[in-house]
């Protein structure tokens with residue numbers, strides 16, 4: 001119940017404030033970023049438990065119906081399977097006929113029989129534009145050892161219409177994963193995500209996963225020895241710190257160690273981080 005009291009400046013209304021008082025309603029893009037961050041954290045903290053096999057997806061090329069925008073598009077693919085999210089490199093100036101030839105190794109959780117594929121146009125000064133998407137059902141014949149090489153239709157409502165956005169060529173194979181098999185770890189980065197009702201908030205101290213077509217970590221049934229990480233030299237650390245003064249020293253060290261001392265790969269990962277900040 002609301003009440004009114006008098007102060008030196010006049011009457012003041014006192015009552016229960018609505019739950020959305022002084023809160024910013026997140027956009028669809030912000031909600032998508034939040035969902036991606038949650039999915040990545042699920043993968044990092046046990047999302048790959050109970051995996052039963054490994055699916056190899058080769059994203060070969062696409063034939064799109066239209067080039068959106070004034071310049072040639074820079075398309076890339078995003079694949080979501082279970083809690084894991086994978087991305088191909090960007091096909092710069094790929095326009096309507098991008099080629100990736102990117103092999104993505106995915107762990108398949110129990111009960112998962114399909115994955116969601118999206119094609120984005122990478123933008124330099126705005127949010128990436130989603131131009132096509134489709135659900136792909138994992139063929140049953142893969143579990144019997146066959147290899148599937150097919151073109152899949154892309155649907156995009158609101159522009160060209162359903163199943164009119166073009167085709168994408170995927171090559172898929174499947175392999176059973178023995179118990180205790182250890183897959184390569186993903187790159188661990190510090191996330192900055194949109195939180196509902198708060199706005200753009202960096203979350204410190206909680207690692208998430210960035211998958212650029214990389215292999216997620218399979219949780220082994222029996223204890224296994226973690227792979228030896230390459231030492232991070234102070235010279236490389238200082239050089240990268242000079243290149244990325246806005247990033248924390250420990251974050252840079254973590255990226256270098258995750259890339260096993262590969263300086264060029266670490267620079268690419270750090271560039272991706274700065275683009276998202």
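Cβ coordinates come from backbone N, Cα and C, glycine included.
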Candidate ranges 129-132, 133-136, 137-140 [criterion: Swiss-Prot lists as motif 'AIM1']: 133-136
Among ranges 151-154, 155-158, 159-162, whichever one Swiss-Prot labels motif 'AIM2': 151-154
Averaged pLDDT, computed only over the residues in the motif 'AIM1' (133-136): 91
